[in-house]
Amino acid sequence: MTTLLLARHGETFDNENQIMQGQTQGSLNARGIEQAKQLAEEMKNRGIDVFLASDLNRAVETCSIVAERCGMTVVTTPLLRERDWGGFTGRFIPSIKGEPFPEDVEPLDSMFDRAQRFLDFISEQYQGKTVLAVGHGIINKAIQAQYHHKQMKEIERMNNAEVRTLILP
């Protein structure tokens with residue numbers, strides 16, 4: 001049995017300014033750094049064996065703050081990258097409400113496939129371990145939807161630096 005502690009990265013400047021980040025790197029703002037430090041305090045006695053992050057900077061930054069508190073290092077994976085928002089990337093979120101999705105947005109099927117590959121990867125590579133994995137809002141939602149066999153709309157939105165526990169066989 002593997003314990004997956006699935007977390008969302010801390011708040012970024014783009015989160016604060018309502019900018020669609022997608023697969024851009026992003027950086028934590030002051031609040032995001034504090035959120036990551038608080039997450040580190042919450043995680044320090046959880047017996048985490050592996051610290052895993054999306055290979056996007058905002059997730060690596062968050063995970064590194066937690067891992068350092070535990071005297072560990074971070075492993076990155078592209079499987080945890082946020083959804084590619086294509087032409088919506090970099091745009092002010094309220095301004096795109098109601099617009100049709102650009103053709104270059106990552107298809108949901110592709111993202112669900114990546115989410116399942118991530119769950120399979122964790123089960124195969126880290127059997128019996130406790131893994132903290134820092135990802136992003138939408139990919140984390142897809143991972144939880146795959147795990148719970150639900151639709152994404154049934155999964156509650158994750159706050160920045162929030163953690164949810166998934167027990168993998």
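Glycine too: its Cβ is placed from the backbone N, Cα and C atoms.
Among the candidates Arg46, Arg58, the one that TrEMBL lists alongside Arg8, His9, Gly10, Glu11, Thr12, Phe13, Asp14, Asn15 as binding substrate is Arg58. In this structure, the recorded positions under consideration are His9, Arg58, and the one with the smallest number of other Cβ atoms within 10 Å of its Cβ is Arg58. Long-range Cβ proximity for Arg8 (substrate binding site), meaning a same-chain Cβ under 8 A and a gap of 6 or more residues, is found for Val134, Gly135, His136, Gly137, Asn140, Met158, Asn159, Asn160, Ala161, Glu162. Under DSSP, His9 (active site, tele-phosphohistidine intermediate) is assigned to coil, being neither helix nor strand in the three-state scheme. Under 8 Å, Cβ to Cβ, and six or more positions away along its own chain, Glu82 (active site, proton donor/acceptor) finds Gln21, Gly22, Gln23, Ser54, Leu56, Gly135, His136, Gly137, Ile138, Ile139. Taking the Cβ of Thr12 (substrate binding site) as reference, residues of its chain lying under 8 Å away and at least six apart in sequence are, in sequence order, Gln21, Gly26, Ser27, Leu28, Asn29, Gly32, Arg58.
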